[in-house]
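S.K.: Take a look at this one; I'll ask things after.
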Amino acid sequence: MSVPSSLMKQPPIQSTAGAVPVRNEKGEISMEKVKVKRYVSGKRPDYAPMESSDEEDEEFQFIKKAKEQEAEPEEQEEDSSSDPRLRRLQNRISEDVEERLARHRKIVEPEVVGESDSEVEGDPWRMEREDSSEEEEEEIDEEEIERRRGMMRQRAQERKNEELEVMEVEDEGRSGEESESESEYEEYTDSEDEMEPRLKPVFIRKKDRVTVQEREAEALKQKELEQEAKHMAEERRKYTLKIVEEETKKELEENKRSLAALDALNTDDENDEEEYEAWKVRELKRIKRDREDREALEKEKAEIERMRNLTEEERRAELRANGKVITNKAVKGKYKFLQKYYHRGAFFMDEDEEVYKRDFSAPTLEDHFNKTILPKVMQVKNFGRSGRTKYTHLVDQDTTSFDSAWGQESAQNTKFFKQKAAGVRDVFERPSAKKRKTT
């Protein structure tokens, strides 16, 4: 493998860490150190633009690709730099890129901390060729730059003229139809889109225009709705008048019937003296009934006052001698084994009627049978049903719950039973109406 003479002449690089090949203004390549900045998550790099559009993103990617292509082996750089045609083409491409970027933004390149001690030197023959070709390149570049500047000025002037024409047309449209103007969002692309051919306007007759037809259809529809509303209002008015007329007829007919009924009454055969005598009898009965009720109430109050003035022994003797008369007193019957109990109730027992004097303790339905001969397991209520009982009766069953709080022998329970519990204290005094204060 042959090594180029230019590389042989270069002094050896002691360390290439952090060094990248950089091309200077003369087209020479040298290794320069760059300042490596620390990467911070979520922070924008220094070389990245603050704001960018789609066109700038594409240009930024193009610059990255161009830089990647520059970082090639030094052998290919030496071969390309020796050819003046390739060098002129590269310089022209780089100038185009720089000119395009200058119109948009400025690319921040990596900061150069320092340069290497030795730079790459070309051979004498290549240096002479470069000096001779630089003058030709400068002349070509000046002409090219002047031509491009003229084209850019012409393009800018054309764009400005078009914008003025569009603004004049929009101003005329706004003055003619201010009520129908609406805000629209328009998207403009590059100059190529603006230079597209415009369509020729076509005249449309007024009767064939869609907006006029829609306006006429809307007016016709509104007119139909108004006519329908008037028709509905007229129908409601007629219906209301009909209801009022019917109500008036009903009132007239009712008045006629009442007058006919009054005329049908025959008062010729009435006797005023008989009516007066009947009225006197009714009034006498009412007076007698009121007097009896008043005397019974006074008698009851006097009896209550007399019983209150009696002593305890006299009251007991009085009750034994004159027992309380109970209306519809029930006969205490004997219930059979597992017989169902029916409660007579306490309402309306003050009325003396035969139905309230029946024996409610008499057996009914299946209670007529003797259930003592049944097996022990069947001697329960509702046997074989969902409402059956657990025990036959609670006479031989101890249902005391010894785990309950009130069944425990504690100081708190003992104090409660001695002081507050009813039926467990040795007190046989008659309770008074007023509550005694306990200390």
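Don't overthink the numbers, they just go from 1 along the chain as shown.
A Cβ is built for glycine as well, from the same backbone N, Cα and C atoms used for every other residue.
Below, the features straight out of Swiss-Prot:
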type: COMPBIAS; residues: 1-17; note: compositional bias 'Polar residues'
type: COMPBIAS; residues: 23-34; note: compositional bias 'Basic and acidic residues'
type: COMPBIAS; residues: 61-70; note: compositional bias 'Basic and acidic residues'
type: COMPBIAS; residues: 71-81; note: compositional bias 'Acidic residues'
type: COMPBIAS; residues: 112-122; note: compositional bias 'Acidic residues'
type: COMPBIAS; residues: 131-144; note: compositional bias 'Acidic residues'
type: COMPBIAS; residues: 145-163; note: compositional bias 'Basic and acidic residues'
type: COMPBIAS; residues: 178-195; note: compositional bias 'Acidic residues'
type: CROSSLNK; residues: Lys67; note: SUMO2 cross-link
type: CROSSLNK; residues: Lys249; note: SUMO2 cross-link
type: CROSSLNK; residues: Lys357; note: SUMO2 cross-link
type: CROSSLNK; residues: Lys371; note: SUMO2 cross-link
type: CROSSLNK; residues: Lys381; note: SUMO2 cross-link
type: CROSSLNK; residues: Lys415; note: SUMO2 cross-link
type: CROSSLNK; residues: Lys418; note: SUMO2 cross-link
type: MOD_RES; residues: Ser2; note: N-acetylserine
type: MOD_RES; residues: Ser52; note: phosphoserine
type: MOD_RES; residues: Ser53; note: phosphoserine
type: MOD_RES; residues: Ser94; note: phosphoserine
type: MOD_RES; residues: Ser116; note: phosphoserine
type: MOD_RES; residues: Ser118; note: phosphoserine
type: MOD_RES; residues: Ser132; note: phosphoserine
type: MOD_RES; residues: Ser133; note: phosphoserine
type: MOD_RES; residues: Thr267; note: phosphothreonine
type: MOD_RES; residues: Ser361; note: phosphoserine
type: MOD_RES; residues: Ser432; note: phosphoserine
type: REGION; residues: 1-200; note: region 'Disordered'
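A description of the local structural setting of each listed feature is requested, covering burial, neighbours and distances.
M.R.: In the three-state DSSP scheme, Lys249 (SUMO2 cross-link) falls into the helix class.
Counting only residues at least six positions away in the same chain, the Cβ atoms of Asn328, Ala330 sit under 8 Å from the Cβ of Lys357 (SUMO2 cross-link). In three-state terms derived from DSSP, Lys357 (SUMO2 cross-link) belongs to a helical segment.
Secondary structure from DSSP puts Lys371 (SUMO2 cross-link) in a helix. Taking the Cβ of Lys371 (SUMO2 cross-link) as centre and 10 Å as the limit, one finds 17 other Cβ atoms among all the protein chains shown.
When Cβ atoms from all protein chains are considered, those within 10 Å of Lys381 (SUMO2 cross-link) total 15, not counting its own.
Sequence-distant contacts of Lys415 (SUMO2 cross-link), defined by Cβ-Cβ distance under 8 angstroms and a gap of at least six in the same chain, do not exist. Under the DSSP three-state reduction, Lys415 (SUMO2 cross-link) is assigned to helix.
With a 10 A radius on its CB, Lys418 (SUMO2 cross-link) counts 11 other CB atoms from all the protein chains.
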S.K.: Just the number: how many Å between the Cα atoms of Ser94 (phosphoserine) and Lys249 (SUMO2 cross-link)?
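M.R.: Here the two Cα atoms lie 108 Å apart.
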S.K.: Which one of these modified residues, Ser94, Ser361, Ser432, has the sparsest Cβ neighbourhood, judged by other Cβ atoms within 10 angstroms?
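M.R.: Among the modified residues Ser94, Ser361, Ser432, the sparsest Cβ neighbourhood within 10 Å belongs to Ser432.
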S.K.: Which number gives the other C-beta atoms within 10 angstroms of the C-beta of Lys249 (SUMO2 cross-link), all protein chains shown included?
M.R.: 10
S.K.: What counts of helix, strand and coil residues does DSSP assign across the compositional bias 'Basic and acidic residues' (23-34)?
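M.R.: Helix, strand, coil within the compositional bias 'Basic and acidic residues' (23-34): 0 helix, 7 strand, 5 coil.
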